[in-house]
């Protein structure tokens with residue numbers, strides 16, 4: 001019954017320029033989000049939950065990058081990053097499926113050279129217009145042009161030479177057609193030693209209940225047809241993908257995740273799964289602790305981080 | 001008690017909020033971009049600028065401007081001789097003080113002009129039911145805190161400290177002697193227009209976040225279109241700086257605050273130094289006017305009587321003053337004094353009692369047993385300090401602007417105005433500031449747009465209910481103690497519910513007192529309350545069983561009915 005909603009959306013005419021060439025972009029999904037694009041910046045509208053999730057996602061990225069800096073560059077560097085507003089200065093970040101630019105804007109404010117890409121042209125238009133209204137992000141202010149948007153797909157971008165210190169793709173993988181190919185594309189866009197951050201929804205009965213039955217159909221907090229249950233991805237599936245994945249562009253065949261502990265948890269320096277719980281009574285999202293994800297905290301929304309080996 | 005909340009309403013005057021011609025008049029000027037524009041340089045607006053400036057992260061990344069119509073350099077250079085005090089005094093709770101210490105402001109406050117409150121005495125003007133509580137009731141998190149429940153501070157002392165702190169950290173653009181002429185929403189594509197603040201000197205500020213710290217008649221609130229509900233109490237508060245002899249050798253120091261709930265409103269005595277205290281007397285407007293226009297010596301004797309005489313005689317003295325004022329006759333201090341002496345005699349108040357205005361003038365020798373039950377006798381009033389202002393209850397429906405008023409936030413009196421009887425006005429404002437600073441810092445750390453609804457939502461969520469709770473309790477107390485209806489008086493004095501009500505005075509007064517450990521302080525209050533209950537029950541038995549039915553009506557119900565009348 002839920003797929004009918006998707007089918008209905010898919011009948012909307014859409015630009016198909018990228019769909020023909022990009023294996024993972026789903027036409028119906030692009031149509032769905034294009035239709036909603038004008039609402040991206042209505043903080044109490046269709047994307048209200050996403051607006052509230054965004055600060056927590058940024059907090060996670062920030063904490064993770066500082067944690068890694070602390071281990072590799074020492075306490076002083078990490079402390080300095082914590083004290084600075086532009087903690088991401090000198091970092092290039094790609095935001096795949098940037099939508100209206102919620103995440104991209106935040107990353108750019110934290111000093112990262114940020115590129116947001118989206119297969120929907122209307123999303124890119126909305127994102128660019130919104131950023132232009134902010135003197136800190138506007139391209140008309142030459143000193144702060146650290147944010148750019150392009151209407152393209154990850155596959156197209158891979159044909160260009162640029163690679164990124166950090167690749168983020170938040171709430172995207174559950175909307176693409178071939179998740180494995182999409183993951184491989186994102187992974188290839190990461191520089192050696194760089195980071196890949198994903199967020200998505202686990203394929204569990206709880207997730208079905210909360211994200212589709214409750215959020216879309218009962219509470220009408222999220223547009224009907226936003227999520228498709230069978231496209232949800234479990235944390236264990238991401239972990240096992242990166243246990244066998246090694247970059248095809250290099251000779252070394254070292255996988256991104258070399259080993260896991262009991263319960264299938266990866267080591268802290270290679271990958272991490274962190275649950276994200278929505279608390280309806282306060283209207284906030286909470287980032288669950290690392291240890292909590294073994295106990296069901298990642299049964300619904302979760303963040304995933306994995307690091308590309310230097311040598312691969 | 002009438003600690004705090006008594007502060008100069010922010011003097012930012014606005015000629016017209018939506019003056020259409022402004023756009024043209026200012027069009028030749030360039031627009032200056034600021035991340036935070038604070039309108040209003042009162043204690044709350046200044047504390048916000050200080051709080052933001054105390055974070056390196058914020059100082060380095062946000063451009064902050066503060067607009068104030070008044071002359072801030074006068075406040076920065078404010079100085080009075082040691083025995084003179086400003087008449088606007090606030091009670092800074094321990095948690096407010098902890099915040100001011102954290103952001104580095106408290107060290108700029110002239111400590112010699114502040115006075116710790118170690119004990120408070122609150123009593124019912126009709127029944128004399130009394131509650132005493134002292135700093136020992138507080139959960140003692142450290143030795144320094146346990147010795148006081150609040151610190152009485154002149155508002156100007158605090159404002160001067162805030163300005164000195166701002167001067168020492170730098171970064172904040174202080175636009176003083178500058179009025180806000182109008183606030184308009186920038187007309188831009190995509191509906192993302194930011195607030196444009198047009199100033200009297202011709203500059204235009206574009207604000208990522210516009211903060212209304214501009215008091216009860218907030219122009220910023222008018223711009224946001226946020227409705228507010230409230231009413232004016234039929235009450236004016238008289239303030240004055242009082243001189244009195246020091247407490248004698250066998251008495252405690254002058255560190256006890258007193259408040260008597262008269263049916264016309266509470267009268268409070270707030271210690272500032274061994275020989276100086278501050279008055280906050282809330283009373284009917286006509287009476288307030290008569291008292292303010294009476295000879296200062298007559299007012300001094302009226303104050304002494306208001307703390308001491310039975311209510312019926314206080315009422316009689318009020319009538320004398322009112323009649324004299326309406327006929328233009330003058331009443332001297334001696335007239336009131338001799339009238340008071342006569343009334344004391346007829347009430348059978350012994351000459352050696354602290355309640356006798358004549359004998360307690362003598363501070364030498366062994367003091368009467370009840371010496372600490374009433375404040376010292378006021379001998380004179382510091383010239384030029386008698387003033388009065390109306391009291392209001394007002395609460396904005398939201399603290400955050402939305403839609404056309406987006407990118408705005410209200411703090412302090414712009415968001416809420418409260419009766420001063422619990423001394424919480426400024427403390428609520430400082431609580432707002434602490435929360436908003438946290439909110440903005442967190443937004444900066446997470447790369448957020450500090451003007452966005454999402455970034456500011458935690459501030460509104462944290463403060464709205466907290467403020468509303470205190471405001472309702474204080475409003476309810478005001479109504480409850482304004483009643484002379486016998487069942488209410490009886491119930492609030494000896495009834496079971498009443499102990500709870502007195503306890504809620506206590507809770508309202510001490511709400512913020514402990515720096516954090518609220519749960520424990522509640523338990524302490526409850527334990528003390530229980531002691532009061534047993535006292536009350538004893539009294540109730542003595543009064544006879546006949547009126548027991550009032551118990552079942554309950555104070556809540558009574559106040560509800562009073563509200564309908």
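Glycine is treated like the rest: Cβ placed from N, Cα and C.
According to TrEMBL, A:57, A:97, A:170 bind S-adenosyl-L-methionine; the candidate from A:118, A:132, A:134, A:284 that the record adds to this site is A:118. Neighbouring residues of the recorded Mg(2+) site, listed in sequence order and excluding A:171, A:174, A:175, comprise A:97, A:172, A:173, A:176, A:200, A:201, A:227, A:231 (Cβ within 8 Å of the Cβ centroid). In this structure the alpha carbons, written CA, of residue A:171 (Mg(2+) binding site) and residue A:97 (S-adenosyl-L-methionine binding site) are 8 Å apart.
If you measure from the Cα atom of residue A:174 (Mg(2+) binding site) to that of residue A:97 (S-adenosyl-L-methionine binding site), you get 11 Å.
For the pair residue A:97 (S-adenosyl-L-methionine binding site) and residue A:175 (Mg(2+) binding site), the C-alpha distance works out to 10 angstrom. For residue A:175 (Mg(2+) binding site), the count of additional Cβ atoms within 10 Å of its Cβ stands at 23 [all protein chains shown]. Taking the C-alpha positions, the distance from residue A:57 (S-adenosyl-L-methionine binding site) to residue A:175 (Mg(2+) binding site) comes to 18 Å. Each of the binding-site residues A:171, A:174 was ranked by the number of other C-beta atoms within 10 Å, and first place falls to A:174. When Cβ atoms from all protein chains are considered, those within 10 Å of residue A:118 (S-adenosyl-L-methionine binding site) total 30, not counting its own. Residue annotation for S-adenosyl-L-methionine gives A:57, A:97, A:118, A:170. The furthest Cα pair among them is separated by 19 Å. Comparing the binding-site residues A:57, A:97 on other C-beta atoms within 10 angstroms of each C-beta gives the minimum for A:57.
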